[in-house]
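What TrEMBL records for 12-531 is domain 'Cytochrome oxidase subunit I profile'. Positions annotated as domain 'Heme-copper oxidase subunit III family profile' by TrEMBL: 551-818. Look at TrEMBL and you will find 35-55, 75-97, 159-187, 199-227, 251-271, 390-412, 470-491, 604-624, 645-669, 684-702, 714-736, 756-779 (among others) tagged as transmembrane segment.
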Amino acid sequence: MTVQHAPQHVAPARRGAWEVIKDYMMTTDHKKIGLLYIITSILAFGIGGLMAVAIRLQLAFPNQTLLVGNDYNQVLTLHAALMIFFFLIPIGLFGFGNFFLPLQLGVRDVALPRVNTFAVWLFVFSLVLVITGLFNGGAPGVGWTFYYPLSVDANQTGVSVLMVALILNGIGSLLGSANFAATVINLRTPGMSLWKMPIFTWSIFATSLLQLVSLGGLTAAALVTFLEIKLGLSMFNPGIGGTPILMQQFFWFYSHPAVYVMLLPYLGIGAEIASTMARKPLFGYRVMVYSLLGIVLVSLLVWAHHMFSVGLPESWQIAFAVATLIVAVPTGVKIFNLIGTLWGGRIIMKSPTYWLVGFIFNFLIGGITGVSLGMIPFDYQVTMSYYVVAHFHNVMMFGTAFLAMGGLYYWWPKMTGRFLNERLGLAHFWLFMVGSWLTFLPQYILGLLGMPRRYYTYPAGNFAWNELNLASTLGALTLLAGGIVMIWNMLQSMQRPITAGPNPWGGFTLEWTAASPPAAYNFAHDFPRSFPTERPLYDWEQNGETLTPVDPKSIHLPVDSIWPFLTALSLLFMGYGLSFGWFTNYNPTDGLHAFGDAPFGFKLATVVLYASIPFFLYSLFKWAGTREYAVPVEHHHLTKYDNGFMGMAWFILSEISLFGVLIAGYVYLRISGHAEPPALRPNIWLAALNTLILVSSSFVIHKAEQDHHHGRYSYFRLGLFLTLLLGAVFMLFQVYEFSLFGHENDWRQNLWQSCFFTIVGLHGLHILIGGTGVALPYYQALTGKMDKYNHGSLAPASLYWHLVDVVWLFIVAIFYAW
């Protein structure tokens with residue numbers, strides 16, 4: 001064999017617990033970050049799974065009192081939130097994605113390593129916020145969909161915690177998605193075109209695009225819900241002309257595409273397993289890529305099929321029903337691709353293969369029942385029944401979770417250098433297979449028999465309900481046993497290792513040329529420049545091409561830093577302060593209530609909130625003030641844009657989505673006659689002056705960029721200073737307008753004013769964020785941290801500043817001129 005794999009990496013000596021913790025707090029290594037995502041996701045899976053068992057024990061028999069009333073609602077809400085937002089989405093997209101995307105691209109790290117560290121700790125801390133919220137006022141009991149008005153009438157502290165956690169988790173998710181997109185476009189190893197990338201990398205890229213475009217819907221829903229709880233600002237309150245259905249539109253604009261965010265990375269994993277274990281090329285590689293992109297596109301047009309029963313116009317219902325049926329086509333193509341890859345192959349029947357075959361069988365059933373829900377009359381009959389619960393779990397637990405397990409068994413040798421025990425792996429598979437069917441098949445039947453979902457009990461005497469619920473509970477206990485076997489298998493592999501070589505399965509993609517586990521620098525070799533197909537190892541062996549050894553001492557990696565971790569930690573404290581302190585139903589005409597009369601917990605949380613702001617700024621500026629590399633490094637780019645600019649360009653998609661969703665909601669309310677402006681409106685002349693100021697600042701920062709490019713550093717620093725000054729003047733005028741307009745009117749009584757303060761206030765927050773972003777390269781320039789190798793954060797800060805300027809032009813048009 002002419003393609004030589006890396007020698008087995010020698011594991012370092014055992015370290016103490018604090019050394020390991022400190023290492024993971026500071027790491028910029030994409031592999032360790034991927035492991036952090038995986039470990040945290042499995043923890044969330046375990047907690048959510050135990051909650052599922054508690055739910056099923058309550059429903060095992062009629063009239064049970066183990067978990068009743070709001071306690072049941074809280075457990076149900078957290079079970080769903082943990083499983084969706086903290087397990088299924090992150091373990092596939094960011095766990096496996098972080099570990100293997102750079103390896104499959106043949107590069108040493110992602111485009112923005114420290115941003116990656118910041119993103120993973122935002123994810124971890126958002127989970128910490130959700131879990132600790134249980135012990136500080138209780139969990140939200142409003143369901144994972146947090147529908148209005150229940151979300152603002154129920155336990156407001158619990159809902160506030162969930163909303164803040166979702167927003168923080170969303171920020172981390174968007175940063176990670178933008179990072180992946182920038183890595184794919186900018187950093188592929190020389191010779192690898194987009195059409196020669198492995199299918200798993202394509203799945204991560206497609207999922208990242210979908211996440212960036214759609215997550216604005218969930219963020220908008222969570223933000224407006226939070227603002228109504230805290231400030232009385234609402235776009236949903238029917239008492240002032242709002243519509244609760246708008247909240248559902250916001251929510252499902254993301255949460256239906258989220259089904260595919262949960263699915264696509266696992267389809268990529270399944271394709272990798274199928275090709276490797278069948279010892280043959282992927283069947284229909286290009287068709288699979290087009291199917292991935294087709295799913296991304298069509299999934300953005302399907303969200304309202306969750307809302308057939310809320311009273312949408314008939315034409316809307318028909319359009320979304322058709323889109324529901326259309327999205328099944330590229331999804332079905334993916335399944336046929338997997339079957340076609342296995343067909344005729346010399347299949348290696350190991351644990352990963354079992355999970356793949358189990359997924360194909362189970363997902364077909366879940367997909368067919370999903371198509372049935374696209375039939376409007378049938379959906380009317382079962383939408384509030386256990387049929388929907390069974391379908392959703394059939395797709396998620398039967399489907400994506402099976403490939404999550406398949407990915408663990410397939411890539412565990414690469415991640416750890418050790419095999420998982422095959423017998424325990426098969427026991428785990430069969431317990432999950434039997435447990436899944438025993439849990440959810442009875443729920444299909446219960447749904448058809450009319451059992452409603454979200455109820456904590458049911459009366460005796462309904463035909464077969466008692467027996468079917470007991471069977472479903474036994475299935476949940478079987479799944480619990482499977483989970484215990486999985487954890488035991490992982491622990492056993494660490495305590496009694498069966499060593500795995502660099503390529504134990506005989507894979508064909510670049511990660512299998514690295515050691516197991518890979519070294520910090522990933523590869524001690526360079527790759528040939530020829531990539532005939534997406535299976536380079538097979539092609540190079542056939543063509544007699546070899547890897548070129550590289551001295552690891554010549555490889556320069558990013559320097560580890562504590563500051564991204566501390567910046568994320570400051571946002572956790574800020575989240576506590578916003579959730580448990582700040583305002584609650586603040587009255588704009590009464591002003592601030594006496595702080596001394598507030599409960600101690602509220603006062604403590606408010607102090608934590610205000611203390612977290614300087615903590616955040618200090619950590620952020622220290623982060624900006626430390627070089628990413630110890631020595632000057634010329635970065636490899638496939639485009640003319642640096643990684644910071646590329647990452648910000650992709651991130652801006654999410655900001656466009658957020659403002660687009662909110663502005664679309666406002667325009668709908670305005671056109672429908674619900675949001676009529678008051679007689680006394682904000683001053684158009686002040687808005688015109690502010691527009692002149694903000695647009696001027698865009699030209700100033702652009703000129704500053706040009707000065708930096710041409711080495712005119714004194715003019716460059718002056719340009720950044722003037723940009724900050726113009727931004728500050730803009731904010732002063734905005735604060736003056738808000739104080740004047742806000743105290744003369746009660747936004748809780750007028751929908752137009754509520755929309756105005758929500759959207760314009762959010763833009764003001766973005767001005768502060770953008771101003772802080774501009775201050776970072778100014779600080780770097782003053783402290784000598786910018787040169788021809790280190791451009792600092794100038795390019796992304798400038799691009800973001802242009803974004804907030806453009807958004808302001810739309811705001812002027814819809815609020816001041818219209």
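Note that Cβ sites are derived from N, Cα and C of the backbone, with glycine treated the same way.
Segment contact is absent for the transmembrane segment (251-271) and the transmembrane segment (714-736), given fewer than three CB pairs below 8 angstroms at sequence separation of 6 or more. In this chain, the transmembrane segment (75-97) does not touch the transmembrane segment (756-779); fewer than three CB pairs sit within less than 8 A of each other, excluding pairs fewer than 6 residues apart.
If one looks beyond the transmembrane segment (470-491) by at least 6 residues along the same chain, the residues whose Cβ comes under 8 Å of a Cβ in the stretch are 45-46, 49-50, 52-53, 56-57, 59-61, 397, 405, 420-421, 424-425, 427-428, 431-432, 434-440, 442-443, 446. Annotation: stretch 35-55 has the most Cβ pairs under 8 Å to the transmembrane segment (75-97), among 35-55, 199-227, 390-412.
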